[in-house]
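One structure follows; several queries about it will come next.
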Amino acid sequence: MDSKNSTEAKYIGVVGVGSFGAAIANILAAKNPVMVYARKQEVVDEINSSHSAQGKALAKNIIASNDPAQLCKSCDVLFFMIPSSGFQEVVKTFSPYLFPYHLIIHGTKGLCLNLKSGETLETVKKIKRSQILTMSEVILQETVAVRVGCLAGPNLSKELAQGQPAATVIASKYNEVILEGQSLLRSEKFQVYGNSDIIGVEISGVLKNIIAIASGALAGLGLGENAKGLLVSRGMVEMIHLGNALGGSIKSVMGLAGIGDLVTTCNSIHSRNFTVGYRLAKGETLDSILADMEEVAEGINTVRIIKAFLETADLRAPITENLYRVLFDDLEIEDALQFLMKYPFNVDVDFV
Amino acid sequence: MEEKYIKHKYEPIHPSKEEWPVVKLARERKEFVKKVADLSEDRILNLTGNNPDILKEELETTLYREKLRIKQNPWVVDPDDDSSFWSGVKSSLVQISTETVKSKVKKLQAYKVVLNQITARYAEEIASNFKTTHYKFTRSVVTYGFSRLLNAARVKGFKSIFSNQYTLQDKIQITGETDQLRDLATKGTVVMVPTHFSNLDSILIGWVISVLGLPPFIYGAGLNLFNISIFAYFMNSLGAYKVDRRKKNLMYLETLKTYSKEAIQFGCHSLFFPGGTRSRSGMIESKLKLGLLSTAIEAQRANFENGLNDISGKIFIVPVTINYHFVLEAPSLIRDHLSITGQERYYKENDEFSNSYKISKFLIKFFTKGSDISVSVGKAMDVLGNYVDVDGRSLDKHGRVIDTRDYFISDGKVSVDNQREEEYTNMLGKRIVEEFHKINRVFNSHLVAFVAFELIKKQNRKLDLFDLLRLPEEDIAIPYEEFKANCQLVLDKIKELKSQGLINTAPHLSLDLDEIISRGMENVGMYHAKRPIIRDKNGNIGTDDMSLLYFYHNRLTGYGLEKLY
């Protein structure tokens, strides 16, 4: 049972080499040797032979493997950097090799569903909080690891890759996870904050994607900064109410993972969610947009899940509801905007 | 047919009492108490950061609270020198603070002396007074006395007093993972965590432990119970240590935790009522007091630190539920609960267990009328809430063997991290509550109380709980047929839950429904002057006491059965 070998230097594990995974792997590699997991053999070979992953340059001390057992054996700390759609499956693949001494930090801003086999979002229509899983809840449910954390904040992969200054927040119930994450990631150009409200931080990161799509749509319509200010402010209020209903604290929405990430994503043409909204407003259909995107825009799936959750929660979330109708019910964006402008938001701040 | 409960006869797992951990502990009592006092001192010094000013503040707070307690809330069990001891503490504190010339180091030294006096006193007060002779005597009195009573009540005729036809085990059924419990108790250290509804539980569990052939467990019993002489005798002889709920100061709590942790590390099997106190509402505990539970986790970590990585150093958590038809204290418990949660007038506690006469009266009633009790022993878990296999190895959700030690590892070594252990304690608490619900056994009385209350609630949809409880009893009538149909509905749901392993039922629930209902109505709260469920002249279901009905109904909350209404 003694799977520890303290004489050998440990690697830091990164699961997934998408743009965010690669950026984090490079930051980690500044201090420690890193082992990344990629499913495809050709990606593994590419990393090991030419230090790049599908065109993204990787540091020299990053090696790759497609064997979860090897990764779990060589690493005490693992960063899961995979889209929410594949998250459950990858975690299940790793589960047999994970032990309680592993620390897991994930950087996925999405939600999973916890439904009985055979059920899908289409068949159940309404979902309760217990049927929604944040990524940390997926890890806790599928594996024996308990010391789990998440990484969230305004971290656009492109800017991180260029070495521009940025900050992130690591949230975990366990101080040691936060401290470990800070010591691994912190550098002159990368500030790392801690937060004990992991659910609040995860939910903030998830919900801001919805607002980012809306922000892209406003930009696509050619609207100005006043409109964006309005959206960010109302979007935050909506995030606070939804976050509360999903078990997060108000404070976390006010932090780096909430308002910090919201402002970044709502202004960035690099953001995939923003791009979806922008192209929608330019008249493209959702199917055609999704067809030529390289990586998934988490916001789309989030809108669907939150819409189903709203059916059981005693709560209104006008931006999400109207965005859902635009995305899936063929509501024109101009009409949705009209609706929101007439919506009776009487009180400016009603959550403190 | 009603399944037959098979009475097992369990041989003692340690035939020689010399091998009992609790006996070994009693032999080394003096050294042990000293060790606890010294370790508690270290802990408190750690918490105060070895800073004389903070330590002084803590000492003064403790002194103030103790003085207040002596003045406002004195008990029979309090030692006679209580007042003089604390006066002594006061004068030492005054003396230290007036000597201004002393350096910081010297001051700390002086405060440490006072601190050690206090922890030593607390440790001595907490420590149990276990004596084997008392234990054997109590045990035989309980078993012998109870079986005499039982036979006199059930078997007719003069000679019945000497009949051995019935034993206590006919009254009290023990079911569940008893063999695993016995087995693990020989290999590692067991921490038993039962639900708590009645003051009788302490004695009952003590008896169960002895019937199962286990050596006595040590457990924290409320000091208030030692006010009553019968209880004091029983408790002492069963290895109870004392928990004084009036003392909430840091020094006391740390000493108490240290005592518990050290005793577990010593190898003493322990018992906590994790609800902390009797369930006021009649619900299965859903929020646990985690203070003592955390000592099990600490002790486990300390064992790993000391290199005890095999099963001898392993600590097993065993949840137990105790199921009654009847809780003697129900009327005062539920009134407490209602006055805490809301709008009922303040009610001064009237403890039915307040004197020995009342208890004896209850015991006679208990044995002469048929009120069965069942004790279900749950599956053993490690301190993180993972089930364990026959060899005591922890298993994860997929049945893979894992090492509990891994939970305490950081950078390849076992490390101390209080914040981490706090979270682990929360996790363990949640797991215990989950297990309680799974092993809880539904009785016919629980079923009828649940259905009756829910139907009354349904008839008066617009009322909130407190208005509902104030309904005039004579206005309440549920037609029998409707009641029966609803019992069937709930019973079916319970059986469905049972097939998923989420609840358990007593064998008598497989009887014919009319039989279940009539027996359930007979059993529910059977000795109360006001019965929770009655049948009026027209055969309708009614109640004499809505609050009591609510209390017994609560036993089945937490399963989502309310959703049927």
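From the backbone N, Cα and C atoms, a Cβ is placed for every residue, glycine too.
Remember, TrEMBL labels are computer predictions, not curated facts.
The transmembrane segment annotation in TrEMBL covers A:12-30. Look at TrEMBL and you will find A:12-176 tagged as domain 'Glycerol-3-phosphate dehydrogenase NAD-dependent N-terminal'. Here TrEMBL flags A:SER19, A:PHE20, A:ARG39, A:LYS40, A:LYS109, A:SER157, A:ARG272, A:VAL296, A:GLU298 as NADPH binding site. Sequence annotations record features per position, and here TrEMBL assigns domain 'Glycerol-3-phosphate dehydrogenase NAD-dependent C-terminal' to A:197-337.
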Who sits close to A:SER19 (NADPH binding site): which same-chain residues at least 6 apart have their Cβ under 8 Å from its Cβ?
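In sequence order, the residues whose Cβ lies under 8 Å from that of A:SER19 (NADPH binding site) (at least 6 apart) are A:LYS56, A:SER157, A:LYS158, A:ALA161, A:GLU295.
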Counting only residues 6+ apart in the same chain, whose Cβ is under 8 Å from the Cβ of A:LYS109 (NADPH binding site)?
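Counting only residues 6 or more apart in sequence, the Cβ neighbours of A:LYS109 (NADPH binding site) under 8 Å are A:SER84, A:ALA152, A:GLU202, A:GLY205, A:VAL206, A:LYS208, A:ASN209, A:GLU298.
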Cβ atoms within 10 Å, counted per site: which of A:ARG39, A:ARG272 has the most, among these binding-site residues?
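Of the binding-site residues A:ARG39, A:ARG272, the most buried by Cβ count within 10 Å is A:ARG272.
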When you measure from the Cβ of A:GLU298 (NADPH binding site), how many other Cβ atoms are you left with inside 10 Å?
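Counting Cβ neighbours of A:GLU298 (NADPH binding site) within 10 Å gives 24.
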Taking only the residues in the domain 'Glycerol-3-phosphate dehydrogenase NAD-dependent N-terminal' (A:12-176), give me the average pLDDT of this model.
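Mean model confidence (pLDDT) across the domain 'Glycerol-3-phosphate dehydrogenase NAD-dependent N-terminal' (A:12-176) is 93.
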